Amino acid sequence: MSLSLNWNSEQDAIQIGEPLIARLEELLKIAAEAEGIEDGEVVVSFVDDETIRQLNREYRNIDKATDVLSFSMLESTEDEPGIVYGTDDEEEDDEEKASPAGDEIGNILEDESYPDPIGDIVISVQRAIAQAEEYGHSLERELGFLFVHGFLHLVGYDHEDEESERAMFGKQEAVLQKAGLHR
């Protein structure tokens, strides 16, 4: 199994450290195994309320902060443009137009040692802190919950109706329980 978790922090509310990342890697393995996913890369970004509000406005047309956003690389819509790196029938008349990174990108895309991207998860740490307090559990559990929730969105789950919400939240809770993150 080749799953990888990359992360970045763009907030000042808490220090993101190795114990939290190790916990999220554990949750990723449990959730991916439950979904039959053996390979892939997930990127998680820890942000503040203002950053997630801007993303929510830009990508969902909802101008307010939320706790977690997911951007799947496994699915696309008809309106979403694909990524084009270049075509074989393009001709370069000027050597200066050729990008040395172009060949490198092509090699990376063909290199099977790089995991396929599953998607990106963006978590508002400010929101997570408030929700952990509101629900009376640890910040670690809340961040774990939001991470698993985001991951399930990446792999196609949603909660648009009661039935799909029950299924998704049941899976989330099973993953958290297996990892020992109880309420």
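Cβ atoms here come from the backbone N, Cα and C positions, even for glycine.
Copied from TrEMBL, the annotated features are:
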COMPBIAS  80-96  compositional bias 'Acidic residues'
REGION    80-110  region 'Disordered'
BINDING   His149, His153, His159  Zn(2+) binding site
What count of other C-beta atoms do you get within 10 angstroms of the C-beta of His149 (Zn(2+) binding site), across all chains shown?
-> 24
Packing count at His159 (Zn(2+) binding site) (other Cβ atoms within 10 Å of its Cβ) | 16
For the Zn(2+) site built from His149, His153, His159, further residues of that chain with CB within 8 A of the site's CB center | Val68, Ser70, Gly150, Leu152, Tyr157, Asp158, Met168, Gln172
Specify the count of other C-beta atoms within 10 Å of the C-beta of His153 (Zn(2+) binding site).
-> 20
